[in-house]
């Protein structure tokens, strides 16, 4: 049997592969809004009901509970394994939102509203003002975008006679959805919108609001082609799902008018509608001018009185639902998303959610925005972006470094940048942290490598052009680090300086304000090859390349609600627990890995380490130590509320913090006898630990962390 493809199909497949490889996803939320009817609960325009009693404080805000409701489209041909991967991705996103946002919960199950204009043929004027007189015989229920809402999620239908006070029930109230603050319908389908724009991975909209204007329900549609095995990227699906869900929760142009001013609510006053959320600046650019947003913008740029600019591509006279790309590279809420490891939930976006009035934002959540930090009032304008001296924009088409210095970048532009050029990450081979990549002989690709501007050469003319190259780095303090070139010693690299490396001609530029931020001095291990006893073990490797820290620890989980513990439910619980621990420690969820056997109880061995599928972040240098100090300030427990498992308790089996395994360089003076002694001691310790574990733990099968890849980067033979 032969298979033929039309030129359109071939073009579409090539385009899809190209966009996927670039990890760029376009968002069409603003166009989807125009097709989504919204059902509201009698929202009061100027004054809204008090969100919490006069005497209460923020204690009445509780973690946001988002409940996904899965629906498959008729043309969604994906496997059960792919569906499970999607559920795991959304579970991570909902846990992230639950730890970030809190709401004032309503009692009972969530019941959505019916649209009176759909189910009612006519209404009374008096005395039963605006109450339904006759039901529409053609009424076929409610929809959320293209999704039909189940009747048991909806309120009932009642009709009134002219004068009677009691109505007649035509449709009973549904049971509702328990333990839910926001109901998310999840659809998988290859819709016309998916086919029209191959770069669209998913799109979403809200469709119901409560009396205060807060969205109650929405829908997210995942395009089937991006969920197929050959295209699937878990980190990218998580990124896009978070972006779209933030739209449905309130970051949407059609909801700006519903944002509330609750600054006086703590004194017992009712929240009021904000007079105006958006306005244009002197250049005609729409910006959000709300108090917390302006405060965070001022802290970010180093000036006062600046609003946050919104995307103007396609919306010359309207406010957009995205941040302007020229100002917010790396933000989760730009219209064109960068690769997941270069995109973050930023403080300006969190400030917007604070100013919505419906949410309390967790102040301990780590958020970052490096793009434009301290660049001043005129940063990001089309008239100023031609100045490449700021280190953010560039000119021409040179090979340099992405502004986070995790990747090499090519100086280029796109339709959202309005002629400005930035260093966009290379499509292939530019990740300095990926050891499989290769480059010039002096380069080192490794989890601890970063991109540096350099023109280093060995024995050749030093007049080469400066471009991005990958070298090892190690942090010594805040914005203080060393750099290592292939076959060189560690060299101090003062931030902002140009340095030379022994044995090479040329220079390296040491970036300032983007490496070793938030550094904490490692109190559990040193940067010299010394032996550390106790829970913390220093493993020495005979290699010139240091490896990233690997954390291993064990937890015991208890739940208050009984379940029949199938392997699927256990796996679901494990994914949830890993997400909670990651959020608590402030590390990426993918940093934590575990495994489980069907005959085991709820005790899990967990390993934290960077991998190819989990690239490091700018804070990667402190990720392991964040886990180490997770329970030092109190009892070794984490207790949280789960929508499925009720109350969940996570207990660290050892009373001390998790053990850290850190690899260091082995100096030439460490002789074989010392190595043998260490190996013998390790074997004795392993036997002792095995007996102790068999005696006291109900669950065994703990596994040691895999040794990180220490091999030298692969260098093509013609470059050696």
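Using the three backbone atoms N, Cα and C, a Cβ is placed for every residue, glycine included.
The Zn(2+) site recorded in Swiss-Prot includes 243, 247, and the single candidate from 153, 322, 341 that the record places there is 322.
Swiss-Prot lists transmembrane segment for one of the ranges 669-689, 690-710, namely 669-689. Packing around residue 243 (Zn(2+) binding site) is summarised by its Cβ count: 27 other Cβ atoms lie within 10 angstroms of its Cβ, all protein chains included. Taken residue by residue with DSSP, residue 322 (Zn(2+) binding site) is part of neither helix nor strand, so it is coil.
Put simply, residue 244 (active site) is 11 Å from residue 322 (Zn(2+) binding site) when counted between their Cα atoms. A simple way to gauge crowding: the CB of residue 247 (Zn(2+) binding site) has 26 other CB atoms within 10 angstroms, across all the protein chains here. As a whole-number mean, the pLDDT of the topological domain 'Cytoplasmic' (690-720) in this prediction is 34. The Zn(2+) site, placed at the center of the C-beta atoms of 243, 247, 322, has further neighbours from the same chain whose C-beta lies within 8 angstroms: 27, 29, 244, 246, 251, 321, 332, 333, 334, 335.
Within 10 Å of the Cβ of residue 244 (active site) there are 26 other Cβ atoms, across all protein chains. All protein chains included, residue 322 (Zn(2+) binding site) registers 25 other Cβ atoms within 10 Å of its own Cβ.
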